[in-house]
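Novice: Can you read through this structure? Questions will come right after.
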Amino acid sequence: MLKFRTIRGGLRLLGIPPASTAPAASPHVRRLEYKPIKKVMVANRGEIAIRVFRACTELGIRTVAVYSEQDTGQMHRQKADEAYLIGRGLAPVQAYLHIPDIIKVAKENNVDAVHPGYGFLSERADFAQACQDAGVRFIGPSPEVVRKMGDKVEARAIAISAGVPVVPGTDAPITSLHEAHEFSNTYGFPIIFKAAYGGGGRGMRVVHSYEELEENYNRAYSEALAAFGNGALFVEKFIEKPRHIEVQILGDQYGNILHLYERDCSIQRRHQKVVEIAPAAHLDPQLRTRLTSDSVKLAKQVGYENAGTVEFLVDKHGKHYFIEVNSRLQVEHTVTEEITDRPDWGWRRGTIRINGCAIQCRVTTEDPARSFQPDTGRIEVFRSGEGMGIRLDNASAFQGAVISPHYDSLLVKVIAHGKDHPTAATKMSRALAEFRVRGVKTNIPFLQNVLNNQQFLAGTVDTQFIDENPELFQLRPAQNRAQKLLHYLGHVMVNGPTTPIPVKASPSPTDPIVPAVPIGPPPAGFRDILLREGPEGFARAVRNHQGLLLMDTTFRDAHQSLLATRVRTHDLKKIAPYVAHNFSKLFSIENWGGATFDVAMRFLYECPWRRLQELRELIPNIPFQMLLRGANAVGYTNYPDNVVFKFCEVAKENGMDVFRVFDSLNYMPNLLLGMEAAGNAGGGGGGDVADPSRTKYSLQYYMGLAEELVRAGTHILCIKDMAGLLKPVACTMLVRSLRDRFPDLPLHIHTHDTSGAGVAAMLACAQAGADVVDVAADSMSGMTSQPSMGALVACTRGTPMDTGVPLERVFDYSEYWEGARGLYAAFDCTATMKSGNSDVYENEIPGGQYTNLHFQAHSMGLGSKFKEVKKAYVEANQMLGDLIKVTPSSKIVGDLAQFMVQNGLSRAEAEAQAEELSFPRSVVEFLQGYIGIPHGGFPEPLRSKVLKDLPRVEGRPGASLPPLDLQLLEKELIERHGEEVTPEDVLSAAIYPDVFAHFKDFTATFGPLDSLNTRLFLQGPKIAEEFEVELERGKTLHIKALAISDLNRAGQRQVFFELNGQLRSILVKDTQAMKEMHFHPKALKDVKGQIGAPMPGKVIDIKVAAGGKVAKGQPLCVLSAMKMETVVTSPMEGTVRKVHVTTDMTLEGDDLILEIE
C-alpha cells in the first residue's frame, strides 16, 4: 500500500506514487506494472515547480523544468537538474498551455513522469491523456477522472448521485447569455458565473442584477478562455456569507481514499484565496465528520487517485454544499502538511492526527491601496521574515528579480505553525513585519491588518470578511526611507541637481564648524516674558529694556537676500542650539514666513511647518518672528479670510511668537486683516522721506499710516525698509518723529545694506529712539542682506545702547555661517554680483529682489544688460504709479522692467503701445486690483489701456472671496496622499496648491531628503564615496556609492550602492537620453481628463473612439494583467478627445490611455 513519509516538505501531498505491484482493491483500479520513476518533469513554473523539485531531490529523483521565453531569469529553471524552453514565439501563458511542446520535451529527455502543479494544464484531461498516450506517467488522477472533476457540471452530477448536497445550478455549461437570463428568472439574484474548466478565481463573477449580467458574463467568459483555453461557464445560486471549507484527500491506485482534514479558505478577494487556515476554527465536530465523509464518498465514487481537494460552502445554519473538486495539488496544501504529522506506517494501521494550527498568507505583488491592482517591476530589496514556526515557499522572491505582468502575482507563501490559532497568528504577524520588499508593491500591509483583526483572531470569518471590514484597507504605508534616498541620490548622480542651479559652482568640500554648546537647558530669554505676560507685557518689556535689542535675520531674510532662500533646515538645526545658549538676549529670530515658505517646498522639498517645529524645539527661549504679508499670508495673492486666520492660528500653535505684518502697497484694509488674524504686531513701508523732491511718500504719509496702525492695536511698530533707502538723516527724522508721537510704543527697524550704509543707518535709528534693529551674522551680512551683527555689537559696546551680546560669540557664529555659505555656492549672489551698490537710492530695488533680478538677468541672457534692467525698474515703477516696493508689488515692477528690456521698450513706448502689448500676468492682475489699491490710486490711462474689458476688483480683494472649505480640502488631500495629512498640510495646500502637491509627490518618491547633508542633496555622492545618513536617533545608514552603468534600451542607468554592507542597485531614467528616445506618454495626475493605465497590462478591448460622448462610470477599455481583467471606467462625463492606445498594446502603469474633454 502507499506509504507517506513523516518528513515535512516530503511527498505527503505531492502525490508522487512509488512503484508497486499490490493487488487491486477496487473496481476502479487499474493493474499497473512495476516501473520506477527516475526523472520527473514539472509542467509548471514558480514556487510549485520548486516545491516538487525539492521533494524529488529528497527521493533521489532527477528533475526537469520547462520555461517560456519570458521566464529565462526565473528561479524554477535553475532549481531543476535540467531545463528546456517551450512555446517559442507563443504568448507567455500559452507557452505553458502548449501540450505538444511539453510532451516533446518529456519524450526527448527520457522523462518518466510529469507533474502538472496547479493552474495551467493541471486540470486538463487532454493533457493527462496526452501524457498517457506518450507513455509518460501523469502525476495526478486518470484522464477520465480529470475530465469528470474538471467539468464542474459533471462533477456536480456525480456529487448528487453520491448523495452529497449541492448548490442549485445549471446541469451543463451554458452557451449563451440567454441561458443565464433564464437561470436568473428561476432562482433570482445573486448568481455566480464559474469557469467550467478551471479554478483559482479566474472566470468567476458574482452578479446582483440584470443590469450587471451581460458585462459580467462577457468578462467571465474572456477570463476563463484566457486562463484555461476554454471559456465555458456554468451558473449557480450565490450563497451569501458562507464559510469556504475544503477537505484534502489522497487516493492510491487501489481504491484507498484518505482525508487529511479540512482547511478554512473563507478569506477571499474576488474569489481568490488570500489567507488559509488549517484546521477550520470552531468547526462543529459533527459537521467536520460530514464534510470529510462526503469528501471520501465522492472520491470513491469516481475512483480518485493522487492528491485532490473537495470544496464546500457552509452556510450560517451549518449546512454544507459541494462546490467542486480540484483534481490537483492546491496552493494551500502547505497548511495541511504542517498540521498532519503521522507515524510512518500504512493507512489502516495508523491514525492521522491534527497537530496544532497553521496559517498561510499569500504575499502577492498587488497594491491593496489601488484595489489590488497587480504591480510589476524589478525587486530592488528583498528581506524575508523567518524563524521558528515559519515556512516560506517562493520562486521569484529575491533581489533583482523582475516581476512581469504575464503571470500570477504570487510572490511568496508564508506559512506559520503554532499550537493553536492565536499562536500561529502571532508568529505570522511577526514574520510579515520582518519582510522588506522594495521596488514593487505588495499586499503585506493588508495582510497585517487581517492578522490584527479581532474577527480573524476569534476565528469567525466568512467569505464576506474582507468586504465587511473596510478598516482592512486603512493601510499603514511602509516608510521605505533607505531605498527612497538611494533613488534620490542615484537620480542626482545621473541627472544632476533636482533644484534649479543659477550658476555652475560646486558646494564647498569642507563642512561648517559647529561651535561647542554647553550641556543643559539654555538661559531664559524674551520668549519667557512673552509666554508669561502676553503680547502687551512683552511690548512693555521691550520698551523698558536698557540698551539696543537685535533681531537676527540669518535664519531667513539674510539667506533669502544672499543665497536665493536656499538654506536648508539641516544646516539651520546644526547651529540652532548654539544660538539658544549664547544669544538669549536677542529680541527675536526671524526664521519663517515670506519666501521661505514656498521655497522650502518648491526647491528644497522640505515641509516649512516641520522647520518651525524643529527649530522651536532647539531654541525654546528666544521669540520667533515671521513675515506675514497681510491678507496675502505667505503667498503672492489674496486668500479667503478664513485661510489667513487659520494660518496664523496654526503657526502660533507650532511655535511662532511675533507676526510682523505688512502689505506691499501699505493698503490699510489688507494690513488690518493681517493684524487681526495674527493678533500681534505691525507693519510699515519704505521710501526716501528725506528727499524734498519726493512728495508721494512724505513724513506726513508715514506718520498718518502709523496713527492708523496704533489705533488698530499694534503692539510694536516696525519700519520695513526693504530696499535699504533709509539714510542716517532720514532715520533720525522718521524715528524721532515716531518716538515723540508714540513714546510708549516699541519701534523696530528693518533695512538692507545694499548701499553699504546699513550700519550707520541702524546706529542713527538707535540714537533717535529705536528699540530693535535687524542684523545678520557677519558672514551673512552686507550687500543685499542686513547690516553686520558684529559691527552693531562692537559699535554699541560700552555705550547706553550696548546690546549685551558677547562679541566673541558673534565671531564663532559667523565662522559657522561662513562655512555653511560655501555649501550654497551655486546660489550665492557673489557669483554674479561682487558688491553692493549705492544706485539703490535711485532704483529702489529691495535687497532680496536685487539678488534675484541679478540671477534672472543672467539666466535670461540679460546679464550684460543689468544696468539697463535697473534703469527700466525705475521707469516701470513710475509707469505703475510709484509703488511701495515689497513682495509682491516689487515682483510686479521687476517683471515689467525685464519685459521692457527684453522687448527693447522705453517707458514712453510701453505706454503708447499698451493696448497692443501682452504684459506680464502679474502686471495685469495688479492693475485689475487683485493685490489691493495703491496709495494715490491706479495709473491712468495705462490701466484702462491694458485692461480693456477685463474685470476689476473694487475694495479689499479678499473681502469678495468665499470662505475656503478646509474640511473638504483635507478630505481631498487624504484621498490623494493618504491618511498622513496634517492640519499644517491643509494650509500649505490652501496657499500653494500646486507646489504642495508636487512636494508631496516628490517626497513620497524620494523620501526624507532633510536627512541628507547639503552637499549630497545638491550634487549627490562621488563614486567610492562613503557616508552616513541619520534617519532618526538610533537609525543610521552607512552608504557607499559604487558605480553607474551604461544606458540600457529603456533609457535607464543602473546605479550601484552598498547600504549597510549589502549591495543595492536602482534603475534611474536618464532624462537627457530619454529626450532622444520615444516613449509612450504618461497621464498627468493634475490634468483632468487624462486617463492613465491603473496597472501594467495588455489592452484587450477598447470601447470608445475619438469624438464619442462618455458618461461618468462608462467602460473605456479593458486591460489584462496576470490573467486578471480590469475594466477602466470614465471618472467624468465628456467627449473623447484622443485615444492613445490600440488593441494588444502593452502598457506600463500610468501610461496615457485616452483624453476626455
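Using the three backbone atoms N, Cα and C, a Cβ is placed for every residue, glycine included.
As listed in TrEMBL for this protein:
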type: DOMAIN; residues: 36-471; note: domain 'Biotin carboxylation'
type: BINDING; residues: LYS152, GLU236, HIS271; note: ATP binding site
type: BINDING; residues: ASP557, LYS720, HIS750, HIS752; note: Mn(2+) binding site
type: MOD_RES; residues: LYS720; note: N6-carboxylysine
type: MOD_RES; residues: LYS1123; note: N6-biotinyllysine
Novice: Return only the integer: C-alpha distance in Å from HIS271 (ATP binding site) to ASP557 (Mn(2+) binding site).
Specialist: 61
Novice: Just counting, how many other CB atoms are there within 10 A of the CB of ASP557 (Mn(2+) binding site)?
Specialist: 30
Novice: By CA-CA distance, flag whichever of ASP557, LYS720, HIS750, HIS752 among the binding-site residues is nearest to GLU236 (ATP binding site).
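Specialist: Considering only the listed binding-site residues, the nearest one is ASP557.
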Novice: Whole number in angstrom, please: the longest C-alpha to C-alpha distance across LYS152, GLU236, HIS271 for ATP.
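Specialist: Overall maximum Cα spacing for these binding residues reaches 16 Å.
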Novice: To the nearest whole angstrom, state the Cα distance for the pair ASP557 (Mn(2+) binding site) and LYS152 (ATP binding site).
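Specialist: Cα-Cα distance, ASP557 (Mn(2+) binding site) to LYS152 (ATP binding site): 76 Å.
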Novice: Among all protein chains shown, how many Cβ atoms are found within 10 Å of the Cβ of HIS750 (Mn(2+) binding site), not counting that one?
Specialist: 25
Novice: Out of LYS152, HIS271, which of these binding-site residues shows the lowest number of other CB atoms within 10 Å of its CB?
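Specialist: Each of the binding-site residues LYS152, HIS271 was scored; lowest Cβ tally within 10 Å is HIS271.
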Novice: Counting across all protein chains present, how many other Cβ atoms fall within 10 Å of the Cβ of HIS752 (Mn(2+) binding site)?
Specialist: 35
Novice: HIS752 (Mn(2+) binding site) to LYS152 (ATP binding site): how many Å between their Cα atoms?
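Specialist: That separation, Cα to Cα, works out to 85 Å.
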Novice: Between the Cα atoms of LYS720 (Mn(2+) binding site) and LYS152 (ATP binding site), find the distance and write it as a whole number of Å.
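Specialist: Distance (Cα to Cα, whole Å): 84 Å.
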Novice: Give the sequence-ordered set of same-chain residues, not counting LYS152, GLU236, HIS271, with Cβ within 8 Å of the centre of the Cβ atoms defining the ATP site.
Specialist: GLY169, ILE192, PHE193, LYS194, ALA195, MET204, PHE234, ILE323, GLU324
Novice: Around LYS720 (Mn(2+) binding site), how many other CB atoms lie within 10 A of its CB?
Specialist: 22
